[in-house]
Amino acid sequence: MTIALGKSSKEEKTLFDTVDDWLRRDRFVFVGWSGLLLFPCAYFALGGWFTGTTFVTSWYTHGLASSYLEGCNFLTAAVSTPANSLAHSLLLLWGPEAQGDLTRWCQLGGLWTFVALHGAFGLIGFMLRQFELARSVQLRPYNAIAFSAPIAVFVSVFLIYPLGQSGWFFAPSFGVAAIFRFILFFQGFHNWTLNPFHMMGVAGVLGAALLCAIHGATVENTLFEDGDGANTFRAFNPTQAEETYSMVTANRFWSQIFGVAFSNKRWLHFFMLFVPVTGLWMSAIGVVGLALNLRAYDFVSQEIRAAEDPESETFYTKNILLNEGIRAWMAAQDQPHENLIFPEEVLPRGNAL
């Protein structure tokens, strides 16, 4: 009898293998390597937002009340941007501005940079989570690719735009009314609705909503092997193994309606992916342009001419009036640090005068 001596063919597990096994174990909530980025960042971003909207004032940065503690509601509460004088400082708690004083840090707007940066990395972590899970179960990574679109919008609006301006002050604050204020600001100072990149973004988002509605209704309309119930919802069985709607019937229906229709499910679903993702990416590119002050005023030469020469006989369009009104109102209200006071003759007159 021969006895073979030597090392076992099974190699010893390294620390990396042990951690990898634990992180990627099949459990109710998948963790994964991406979770090391996602979970802490999401926790801190949400925690910072709830803390700021509940307790922290914006009196020192914007001259506003912005917390539930001060009487705001869900619509008016916000985590506000730092003052313009702080420019692009990261406002670290231990930095030269706050010097480790938590109260001072909150008063200076440190929670905004805290929420913005942790939020950005949290979103990136969520996209990486989709990549990681797709790789684990051998799916293609289109979910993660699609999620890159809202990440692009978040990063362009909350980080790249204020980096192109004079400071974080000009980014949106994290709140409902604050976001609407930012939209008004974009219109008045950048003529955003006339920007072709914004137009592509609107077409993408509204087009995607239309495609979703059409697709869902068409699948419901062409079910052929349903339950016995008279009602669609009682008849629907979520555990049925096979597909029970007719692509051929759907194709025939839309061919009659529009004259053209998708004949291939892959092309149909790719189009539903392509429309919103491309739209959001285009709008993100447009916001990067605005960060560099590449405004859409060039598309309304009347507005340029009216601004340069008050005596010029231009068509004083409602678009010009809207933007001038927004600027005259917001510049003084929204940028109190500038101490702007406009004389009567430069304010928009309206149609009556």
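Cβ atoms are placed via backbone N, Cα and C, with glycine included.
According to Swiss-Prot, the feature phosphothreonine maps to Thr2, an assignment based on similarity to another entry.
Residues annotated as N-acetylthreonine in Swiss-Prot: Thr2.
Beyond the transmembrane segment (41-61), the same-chain residues lying 6 or more positions past its ends with a Cβ under 8 Å from any Cβ of the stretch are 67-70, 72, 77-83, 106-109, 111-112, 114-115, 118-119, 121-122, 125-126, 169, 173-175. For 41-61 (among others), the entry in Swiss-Prot reads transmembrane segment, with the evidence type sequence analysis.
Residues annotated as transmembrane segment in Swiss-Prot, with sequence analysis given as evidence: 125-141 (among others).
A simple way to gauge crowding: the CB of Gln130 (pheophytin a binding site) has 19 other CB atoms within 10 angstroms, across all the protein chains here. Residues or ranges marked as pheophytin a binding site in Swiss-Prot (evidence: sequence analysis): Gln130, Asn143.
Per Swiss-Prot, the feature transmembrane segment maps to 153-166 (among others).
Residues or ranges marked as transmembrane segment by Swiss-Prot: 208-228 (among others).
For His215, His269, the entry in Swiss-Prot reads Fe cation binding site, with the evidence type sequence analysis. Under DSSP, His215 (Fe cation binding site) is assigned to a helix (H, G or I) in the three-state scheme. Residue density at His215 (Fe cation binding site): 16 other Cβ atoms are found within 10 A of its Cβ, drawing on all protein chains shown.
The transmembrane segment annotation in Swiss-Prot covers 279-295 (among others).
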Local Cβ density at Asn143 (pheophytin a binding site) - other Cβ atoms counted within 10 Å: 15
His215 (Fe cation binding site) to Asn143 (pheophytin a binding site) - Cα separation in whole Å: 18
Folded-back contacts onto the transmembrane segment (279-295), same chain, C-beta under 8 angstroms, at least six residues removed: 148-150, 152-153, 155-157, 160-165, 186, 189-192, 195-198, 200-205, 207-208
Alpha-carbon distance [Asn143 (pheophytin a binding site); His269 (Fe cation binding site)] in Å: 12
Count of other CB atoms lying within 10 Å of the CB belonging to His269 (Fe cation binding site): 14
